[in-house]
(Lines of atoms letter the chains of each structure in order from A and count residues from 1; the text may use other names and numbers.)
(Lines give C-alpha, C1' and ligand atoms only; values in the text may rest on other atoms or scores of the structure.)
Protein backbone atom coordinates (compact mmCIF):
# COMPACT_ATOMS: atom_id res chain seq x y z
CA UNK A 1 0.00 0.00 0.00
CA UNK A 2 2.77 2.41 0.93
CA UNK A 3 4.61 1.60 -2.30
CA UNK A 4 1.58 2.30 -4.50
CA UNK A 5 0.80 5.51 -2.62
CA UNK A 6 4.41 6.65 -2.94
CA UNK A 7 4.44 5.93 -6.66
CA UNK A 8 1.40 8.13 -7.18
CA UNK A 9 3.02 10.78 -4.99
CA UNK A 10 6.22 10.72 -7.03
CA UNK A 11 4.44 11.01 -10.36
CA UNK A 12 2.04 13.62 -9.06
CA UNK A 13 4.76 15.83 -7.65
CA UNK A 14 6.84 15.54 -10.80
CA UNK A 15 3.90 16.51 -12.97
CA UNK A 16 3.59 19.74 -11.01
CA UNK A 17 7.23 20.68 -11.43
CA UNK A 18 7.76 23.87 -13.36
CA UNK A 19 10.52 24.16 -15.88
CA UNK A 20 12.63 25.61 -13.10
CA UNK A 21 12.55 22.24 -11.35
CA UNK A 22 14.62 20.68 -14.13
CA UNK A 23 17.27 21.97 -16.45
CA UNK A 24 18.79 21.17 -19.80
CA UNK A 25 22.43 20.27 -20.09
CA UNK A 26 22.98 22.88 -22.78
CA UNK A 27 21.63 25.81 -20.76
CA UNK A 28 23.61 24.75 -17.71
CA UNK A 29 26.77 24.51 -19.78
CA UNK A 30 26.31 28.04 -21.09
CA UNK A 31 25.92 29.42 -17.59
CA UNK A 32 28.96 27.53 -16.34
CA UNK A 33 31.19 28.64 -19.19
CA UNK A 34 30.32 32.26 -18.47
CA UNK A 35 31.19 31.83 -14.80
CA UNK A 36 34.21 29.52 -15.15
CA UNK A 37 36.78 32.33 -15.33
CA UNK A 38 35.23 34.09 -12.33
CA UNK A 39 35.32 30.85 -10.34
CA UNK A 40 39.00 30.30 -11.06
CA UNK A 41 39.89 33.85 -10.09
CA UNK A 42 37.88 33.55 -6.88
CA UNK A 43 39.50 30.21 -6.07
CA UNK A 44 42.96 31.78 -6.14
CA UNK A 45 41.88 34.16 -3.39
CA UNK A 46 40.31 31.57 -1.10
CA UNK A 47 42.06 30.11 1.92
CA UNK A 48 43.69 26.66 1.68
CA UNK A 49 40.75 24.99 3.42
CA UNK A 50 39.36 24.01 0.00
CA UNK A 51 41.15 22.52 -2.97
CA UNK A 52 41.32 24.94 -5.91
CA UNK A 53 42.54 24.56 -9.46
CA UNK A 54 44.70 27.59 -10.15
CA UNK A 55 47.95 25.59 -10.13
CA UNK A 56 46.67 22.04 -10.29
CA UNK A 57 49.88 20.67 -11.79
CA UNK A 58 51.90 21.84 -8.81
CA UNK A 59 49.79 20.62 -5.93
CA UNK A 60 48.06 17.60 -4.49
CA UNK A 61 44.67 17.23 -2.86
CA UNK A 62 44.80 18.82 0.58
CA UNK A 63 41.40 17.81 1.98
CA UNK A 64 40.06 14.27 2.50
CA UNK A 65 36.97 13.27 0.55
CA UNK A 66 35.92 10.66 3.09
CA UNK A 67 33.46 11.40 5.89
CA UNK A 68 34.22 9.10 8.88
CA UNK A 69 30.52 8.91 9.78
CA UNK A 70 29.73 7.64 6.28
CA UNK A 71 32.47 5.01 6.55
CA UNK A 72 31.02 3.72 9.81
CA UNK A 73 27.54 3.63 8.33
CA UNK A 74 28.57 1.59 5.30
CA UNK A 75 30.82 -0.62 7.41
CA UNK A 76 27.70 -1.93 9.12
CA UNK A 77 26.17 -2.78 5.72
CA UNK A 78 29.27 -4.29 4.11
CA UNK A 79 27.92 -7.83 4.04
CA UNK A 80 24.60 -6.91 2.42
CA UNK A 81 25.68 -5.57 -0.96
CA UNK A 82 24.56 -8.57 -3.01
CA UNK A 83 21.14 -9.03 -1.41
CA UNK A 84 19.00 -7.93 -4.34
CA UNK A 85 15.96 -7.52 -2.08
CA UNK A 86 17.78 -5.84 0.78
CA UNK A 87 19.05 -2.36 1.55
CA UNK A 88 20.75 -2.03 -1.84
CA UNK A 89 17.88 -3.26 -4.00
CA UNK A 90 17.47 0.16 -5.66
CA UNK A 91 21.15 0.16 -6.64
CA UNK A 92 20.83 -3.28 -8.23
CA UNK A 93 17.86 -2.00 -10.23
CA UNK A 94 19.74 1.17 -11.22
CA UNK A 95 22.15 -0.90 -13.30
CA UNK A 96 19.43 -1.09 -15.96
CA UNK A 97 20.03 2.63 -16.57
CA UNK A 98 23.56 3.41 -15.50
CA UNK A 99 25.36 0.55 -17.29
CA UNK A 100 23.95 1.46 -20.75
CA UNK A 101 24.49 5.16 -19.97
CA UNK A 102 28.19 4.54 -19.35
CA UNK A 103 28.60 2.07 -22.20
CA UNK A 104 26.89 4.16 -24.86
CA UNK A 105 28.70 7.38 -23.97
CA UNK A 106 32.06 5.62 -24.00
CA UNK A 107 31.27 4.08 -27.39
CA UNK A 108 30.60 7.56 -28.73
CA UNK A 109 34.25 8.30 -27.99
CA UNK A 110 36.03 4.97 -28.35
CA UNK A 111 35.49 2.61 -31.27
CA UNK A 112 34.56 -0.91 -30.16
CA UNK A 113 37.37 -3.22 -31.29
CA UNK A 114 36.49 -6.36 -29.36
CA UNK A 115 33.41 -8.29 -30.59
CA UNK A 116 31.13 -9.07 -27.66
CA UNK A 117 33.22 -6.88 -25.34
CA UNK A 118 32.40 -3.29 -26.38
CA UNK A 119 34.53 -1.72 -23.63
CA UNK A 120 37.54 -3.94 -24.30
CA UNK A 121 40.85 -2.08 -24.02
CA UNK A 122 39.48 0.64 -21.73
CA UNK A 123 40.58 1.23 -18.14
CA UNK A 124 37.81 2.29 -15.76
CA UNK A 125 38.02 3.45 -12.15
CA UNK A 126 34.92 2.80 -10.02
CA UNK A 127 35.10 5.22 -7.08
CA UNK A 128 33.12 4.19 -4.01
CA UNK A 129 32.50 0.78 -5.55
CA UNK A 130 31.01 -0.78 -2.41
CA UNK A 131 30.47 -4.48 -3.06
CA UNK A 132 31.11 -4.17 -6.80
CA UNK A 133 27.52 -3.86 -8.03
CA UNK A 134 28.59 -1.65 -10.94
CA UNK A 135 32.21 -2.81 -11.19
CA UNK A 136 31.28 -6.32 -12.28
CA UNK A 137 28.95 -5.49 -15.21
CA UNK A 138 31.52 -3.01 -16.57
CA UNK A 139 34.11 -5.77 -16.39
CA UNK A 140 31.80 -8.13 -18.26
CA UNK A 141 31.58 -5.53 -21.03
CA UNK A 142 35.32 -5.95 -21.47
CA UNK A 143 36.75 -3.02 -19.50
CA UNK A 144 39.61 -3.45 -17.08
CA UNK A 145 38.07 -2.04 -13.90
CA UNK A 146 39.62 -1.04 -10.59
CA UNK A 147 37.07 -0.61 -7.81
CA UNK A 148 38.13 1.45 -4.79
CA UNK A 149 36.33 2.05 -1.51
CA UNK A 150 37.47 3.22 1.94
CA UNK A 151 35.43 0.48 3.65
CA UNK A 152 37.68 -2.56 3.79
CA UNK A 153 34.86 -5.01 4.52
CA UNK A 154 32.99 -3.84 1.42
CA UNK A 155 36.10 -4.52 -0.65
CA UNK A 156 36.27 -7.97 0.90
CA UNK A 157 32.65 -8.60 -0.12
CA UNK A 158 33.41 -7.39 -3.66
CA UNK A 159 36.48 -9.60 -4.00
CA UNK A 160 34.67 -12.68 -2.76
CA UNK A 161 31.73 -12.17 -5.11
CA UNK A 162 33.84 -11.48 -8.21
CA UNK A 163 36.03 -14.52 -7.51
CA UNK A 164 33.06 -16.73 -8.34
CA UNK A 165 33.06 -15.57 -11.97
CA UNK A 166 36.12 -16.72 -13.96
CA UNK A 167 35.30 -14.19 -16.68
CA UNK A 168 36.14 -11.37 -14.26
CA UNK A 169 39.45 -12.77 -13.06
CA UNK A 170 41.67 -10.62 -15.27
CA UNK A 171 39.28 -7.71 -15.69
CA UNK A 172 38.21 -6.66 -12.21
CA UNK A 173 40.31 -5.88 -9.16
CA UNK A 174 39.71 -3.99 -5.93
CA UNK A 175 41.60 -1.84 -3.45
CA UNK A 176 40.65 -0.50 -0.04
CA UNK A 177 41.73 3.12 -0.48
CA UNK A 178 40.40 6.61 -1.17
CA UNK A 179 40.47 8.54 -4.42
CA UNK A 180 42.95 11.07 -3.05
CA UNK A 181 45.28 8.29 -1.93
CA UNK A 182 45.24 6.78 -5.41
CA UNK A 183 45.78 10.20 -6.96
CA UNK A 184 48.75 10.97 -4.70
CA UNK A 185 50.54 7.69 -5.36
CA UNK A 186 51.89 8.67 -8.75
CA UNK A 187 53.33 11.90 -7.38
CA UNK A 188 55.03 9.96 -4.60
CA UNK A 189 56.31 7.33 -6.98
CA UNK A 190 54.79 4.58 -4.86
CA UNK A 191 52.61 2.72 -7.33
CA UNK A 192 53.12 0.66 -10.43
CA UNK A 193 53.05 2.32 -13.82
CA UNK A 194 49.50 1.18 -14.52
CA UNK A 195 48.02 3.19 -11.67
CA UNK A 196 47.94 6.82 -10.64
CA UNK A 197 47.87 10.02 -12.67
CA UNK A 198 46.40 10.11 -16.16
CA UNK A 199 45.88 6.37 -16.44
CA UNK A 200 42.11 5.93 -16.75
CA UNK A 201 39.80 6.26 -19.73
CA UNK A 202 36.79 6.70 -17.46
CA UNK A 203 35.83 7.25 -13.83
CA UNK A 204 32.49 6.17 -12.42
CA UNK A 205 31.13 7.64 -9.17
CA UNK A 206 27.58 6.36 -8.88
CA UNK A 207 25.59 7.37 -5.79
CA UNK A 208 28.83 8.54 -4.19
CA UNK A 209 29.21 12.33 -4.22
CA UNK A 210 26.26 12.80 -1.83
CA UNK A 211 28.34 10.96 0.80
CA UNK A 212 31.62 12.85 0.38
CA UNK A 213 33.16 15.40 2.73
CA UNK A 214 34.87 17.57 0.08
CA UNK A 215 33.72 17.79 -3.52
CA UNK A 216 36.52 20.12 -4.60
CA UNK A 217 39.08 17.46 -3.71
CA UNK A 218 36.99 14.85 -5.48
CA UNK A 219 36.82 16.87 -8.71
CA UNK A 220 40.54 17.67 -8.62
CA UNK A 221 41.53 14.04 -8.05
CA UNK A 222 39.22 12.83 -10.83
CA UNK A 223 40.91 15.22 -13.23
CA UNK A 224 44.32 14.08 -12.02
CA UNK A 225 43.85 10.35 -12.63
CA UNK A 226 41.94 10.65 -15.92
CA UNK A 227 43.59 10.63 -19.31
CA UNK A 228 43.05 13.79 -21.39
CA UNK A 229 39.65 13.40 -23.01
CA UNK A 230 38.64 10.81 -20.41
CA UNK A 231 35.05 10.52 -19.19
CA UNK A 232 33.58 11.09 -15.74
CA UNK A 233 30.18 9.54 -14.96
CA UNK A 234 28.21 10.59 -11.89
CA UNK A 235 24.78 9.66 -10.62
CA UNK A 236 23.52 11.47 -7.56
CA UNK A 237 20.60 13.30 -5.93
CA UNK A 238 19.53 16.88 -6.57
CA UNK A 239 19.34 19.31 -3.67
CA UNK A 240 15.68 20.27 -3.88
CA UNK A 241 12.58 20.26 -1.70
CA UNK A 242 11.28 17.32 -3.72
CA UNK A 243 14.44 15.29 -3.17
CA UNK A 244 14.13 15.85 0.57
CA UNK A 245 10.49 14.82 0.60
CA UNK A 246 10.94 11.72 -1.53
CA UNK A 247 14.60 10.81 -1.05
CA UNK A 248 14.64 11.08 2.73
CA UNK A 249 11.12 11.28 4.19
CA UNK A 250 9.50 8.73 1.86
CA UNK A 251 12.47 6.50 0.92
CA UNK A 252 14.11 6.34 4.34
CA UNK A 253 11.41 7.02 6.91
CA UNK A 254 8.21 5.69 5.33
CA UNK A 255 9.06 2.97 2.82
CA UNK A 256 12.49 2.05 4.23
CA UNK A 257 13.78 1.58 0.68
CA UNK A 258 17.19 2.54 2.07
CA UNK A 259 18.28 2.51 5.73
CA UNK A 260 17.34 5.53 7.80
CA UNK A 261 20.20 8.02 7.97
CA UNK A 262 21.74 6.95 4.66
CA UNK A 263 21.48 10.46 3.21
CA UNK A 264 22.16 13.95 4.48
CA UNK A 265 20.22 16.54 2.46
CA UNK A 266 22.90 19.14 3.12
CA UNK A 267 25.33 17.03 1.07
CA UNK A 268 23.04 16.83 -1.95
CA UNK A 269 24.09 18.94 -4.95
CA UNK A 270 22.09 20.37 -7.82
CA UNK A 271 23.05 19.72 -11.44
CA UNK A 272 23.89 23.42 -11.85
CA UNK A 273 26.24 23.42 -8.85
CA UNK A 274 27.87 20.14 -9.85
CA UNK A 275 28.41 21.34 -13.40
CA UNK A 276 29.96 24.58 -12.15
CA UNK A 277 32.29 22.60 -9.87
CA UNK A 278 33.39 20.30 -12.68
CA UNK A 279 33.83 23.11 -15.22
CA UNK A 280 36.11 24.92 -12.77
CA UNK A 281 38.21 21.77 -12.38
CA UNK A 282 38.93 21.13 -16.04
CA UNK A 283 35.85 19.25 -17.24
CA UNK A 284 33.27 19.91 -19.92
CA UNK A 285 29.81 18.55 -19.09
CA UNK A 286 28.33 16.70 -22.05
CA UNK A 287 24.92 15.62 -20.78
CA UNK A 288 22.64 15.58 -17.75
CA UNK A 289 19.62 13.25 -17.57
CA UNK A 290 16.90 12.90 -14.96
CA UNK A 291 16.23 9.54 -13.32
CA UNK A 292 13.08 8.33 -11.57
CA UNK A 293 12.63 5.36 -9.24
CA UNK A 294 9.24 3.66 -9.00
CA UNK A 295 9.01 1.95 -5.58
CA UNK A 296 5.99 -0.10 -6.68
CA UNK A 297 7.79 -1.80 -9.58
CA UNK A 298 11.30 -1.43 -8.20
CA UNK A 299 12.42 -0.07 -11.57
CA UNK A 300 14.23 3.06 -12.73
CA UNK A 301 13.40 5.09 -15.82
CA UNK A 302 14.71 8.18 -17.55
CA UNK A 303 12.72 11.38 -17.08
CA UNK A 304 12.95 14.98 -18.29
CA UNK A 305 13.05 16.20 -14.70
CA UNK A 306 16.27 16.31 -12.70
CA UNK A 307 14.39 17.33 -9.55
CA UNK A 308 15.28 14.13 -7.69
CA UNK A 309 17.94 11.85 -9.21
CA UNK A 310 20.13 12.54 -12.21
CA UNK A 311 23.04 11.16 -14.22
CA UNK A 312 25.85 13.31 -15.59
CA UNK A 313 28.58 12.70 -18.14
CA UNK A 314 31.60 15.03 -18.31
CA UNK A 315 34.85 14.90 -20.24
CA UNK A 316 38.30 16.03 -19.12
CA UNK A 317 39.28 18.97 -21.30
CA UNK A 318 42.49 18.49 -23.22
CA UNK A 319 45.26 20.99 -22.64
CA UNK A 320 46.15 23.09 -25.67
CA UNK A 321 49.59 21.53 -25.92
CA UNK A 322 48.14 18.00 -25.69
CA UNK A 323 45.64 18.73 -28.43
CA UNK A 324 48.42 20.06 -30.63
CA UNK A 325 50.54 16.98 -29.99
CA UNK A 326 47.67 14.62 -30.81
CA UNK A 327 45.73 16.18 -33.71
CA UNK A 328 44.14 12.86 -34.54
CA UNK A 329 41.90 13.12 -31.45
CA UNK A 330 40.61 10.29 -29.32
CA UNK A 331 40.84 6.74 -30.47
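Including glycine, each Cβ sits where the backbone N, Cα and C put it.
Bear in mind that the values here come from a model prediction, so they are computed numbers and not experimental data.
The S-adenosyl-L-methionine binding site annotation in TrEMBL covers 98, 128, 149, 206.
The annotation Mg(2+) binding site is assigned in TrEMBL to 207, 210, 211.
Distance between Cα atoms for residue 98 (S-adenosyl-L-methionine binding site) and residue 207 (Mg(2+) binding site): 11 Å, as a whole number. Rounded to a whole value, the Cα-Cα separation of residue 149 (S-adenosyl-L-methionine binding site) and residue 211 (Mg(2+) binding site) is 12 Å. Across the structure, residue 207 (Mg(2+) binding site) and residue 128 (S-adenosyl-L-methionine binding site) are spaced 8 Å apart at their Cα atoms. The number of other CB atoms found within 10 A of the CB of residue 149 (S-adenosyl-L-methionine binding site), across every protein chain shown, is 29.
The Mg(2+) site is set by 207, 210, 211; from the centre of their CB atoms, other residues of the chain with a CB within 8 Å are 128, 208, 209, 212, 236, 237, 263, 267. Counting only same-chain residues at least 6 apart in sequence, those with a Cβ under 8 Å from the Cβ of residue 128 (S-adenosyl-L-methionine binding site) are 148, 149, 205, 206, 207, 208, 211.
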